[in-house]
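S.K.: Following this message is one structure expressed as structure tokens.
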Amino acid sequence: MSAASPASIIQELASAAKQYENNESGAREALIAQSRALIASLEVPSEFIQHTFWSQPALSAIVRLATDVNLFQYLKDAQEEGLSAEALASKTGMDVSLFARLARHLVAMNVITSRNGVFYGTALSNGLAAENYQQSIRFCHDVSRPSFGAFPSFFKGNGYKTPALGTTDGPFQSAHKVDISFPQWLVGNPPYLQYFNSYMSAYRAGKPNWCDNGFYPVADRLLNGFDASVSDVLLVDVGGGRGHDIATFGSQFSPLPGRLVLQDREQVINSIPADESRQFEATTHDIFTTQPVKNARAYYMHSVPHGFGDEDAVKIMANLVPALAKGYSRVLLNEIVVDEESPVMSATNMDLIMLAHMGAKERTEADWRSILTRAGLKVVNIYSYPGVAESLIEAELA
């Protein structure tokens, strides 16, 4: 199948623009995807090479440098007045010539703007000034970028084979000259552990979550049909960390017809600040043991089997089976489902992050169906939101 023509892509862009003006779900993501497709349809190979190997690496390095000199913060604070090259060079401790050259590339890449010798922040650069994004930039540049850079030499050396899950011999180890796993390295390098946590938080920030309008039909699939005589528990968030997802769910659908239960390891649960206003109960649970809360309306997992191999993923899912009420309880997996026919960049990005750092992978629909079937479950439906990497897999007892 040949690639779409520029004319047809422009038509799709116009349609997405109208949807965006009408605030329709997925319109923003469609605009971005079609804009990238238009560029790809117009670029010649020499432009692609320059963009890929000059423009983007330079941008990455300059944005990383900007976190050391607080460039985006200064521009944000200046607001509509902006700052001259001389003023910004003074604030950042750079010489004017160097600053101007770096800043011009940020302008060329639409990160900041300039007019009559004055530089201004944009919505994008002002957002990047936030500390969680500053830390995310440091993690991605210092840790991930070298790991990707090791792909050619590492895979040539290992005969182009996929590393073992949880490997101590992968692209990450090759790039950083270590022989320990990525999680072990993070623990031994505290600043980057914090940067990684910020990155994971920032990764999901500003994106639709599974219970938003237009994603998973919560009212139809969970609230309607809830039966307190079967169980007074509406939702169990299994391995839910400190409760971000379940708190979001509770706030969006209050008042709730049933209880919300958060489960995670003891050290995680103990780290949750006391809050009498929260709508969920926090309890300890090991995902490799049988689920103790019986007959709940739904058991939700967000990226829980994600980091495990297939055999462990089957065990995790099978531990839910004894707790499920036939024809009533639902299993909800909030996971990336890689589309083999029309993959989206947000999904392939995360798949390659997993490959680079841990020898892991994101799963296709066929992969998820196989795991759930082996665990004694069956897929009812897979709900997706346009342009969003993570889907919502609904399953039930087979």
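Cβ coordinates are placed from backbone N, Cα and C, and glycine is handled just like the others.
Swiss-Prot feature annotations, pasted as is:
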BINDING   SER144, TYR199, ARG265, SER303  6-O-desmethylmycophenolate binding site
BINDING   SER144, TYR199, SER303  4-farnesyl-3,5-dihydroxy-6-methylphthalide binding site
BINDING   ASN197, TYR203, ASP237, GLY239, HIS244, ASP245, ASP264, ARG265, ASP286, ILE287, HIS302  S-adenosyl-L-homocysteine binding site
BINDING   ASP264  S-adenosyl-L-methionine binding site
ACT_SITE  HIS306  active site, proton acceptor
ACT_SITE  GLU335  active site
ACT_SITE  GLU362  active site
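Could you place these features in context, so I can see how deep they sit and what lies close by?
M.R.: Taking Cβ-Cβ distances under 8 Å and a sequence gap of 6 or more within the same chain, the neighbours of ARG265 (6-O-desmethylmycophenolate binding site) are THR284, HIS285, ASP286. Reduced to three states, the DSSP call for ARG265 (6-O-desmethylmycophenolate binding site) is coil.
Taking all protein chains in view, 21 other C-beta atoms sit within 10 angstroms of the C-beta of TYR199 (6-O-desmethylmycophenolate binding site).
The DSSP secondary structure for HIS244 (S-adenosyl-L-homocysteine binding site) is helix. Taking the Cβ of HIS244 (S-adenosyl-L-homocysteine binding site) as reference, no residue of its chain lies under 8 Å away while being at least six apart in sequence.
The Cβ of ASP264 (S-adenosyl-L-homocysteine binding site) has GLY239, GLY240, GLY241, ARG242, ALA282, THR284, HIS285 as same-chain neighbours under 8 Å, each 6 or more residues away in sequence.
Around HIS306 (active site, proton acceptor), taking its Cβ as the centre, 20 other Cβ atoms fall within 10 Å, counting all chains.
DSSP assigns GLU335 (active site) to a strand in the three-state reduction. Taking all protein chains in view, 21 other C-beta atoms sit within 10 angstroms of the C-beta of GLU335 (active site).
Around the Cβ of GLU362 (active site), the number of neighbouring Cβ atoms within 10 Å comes to 22. Look at GLU362 (active site): DSSP puts it in coil.
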S.K.: What does DSSP call ASP286 (S-adenosyl-L-homocysteine binding site) in the simple three-state scheme?
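M.R.: Its secondary structure by DSSP: coil.
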S.K.: If you measure HIS302 (S-adenosyl-L-homocysteine binding site) to TYR199 (6-O-desmethylmycophenolate binding site) at Cα, how many Å is it?
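M.R.: The Cα atom of HIS302 (S-adenosyl-L-homocysteine binding site) is 16 Å away from the Cα atom of TYR199 (6-O-desmethylmycophenolate binding site).
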S.K.: Indicate whether HIS302 (S-adenosyl-L-homocysteine binding site) is helix, strand or coil by DSSP.
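M.R.: Reduced to three states, the DSSP call for HIS302 (S-adenosyl-L-homocysteine binding site) is strand.
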S.K.: Can you give me the same-chain residues 6 or more apart in sequence from SER303 (6-O-desmethylmycophenolate binding site) with a CB-CB distance under 8 Å?
M.R.: ASN334, GLU335, GLU390
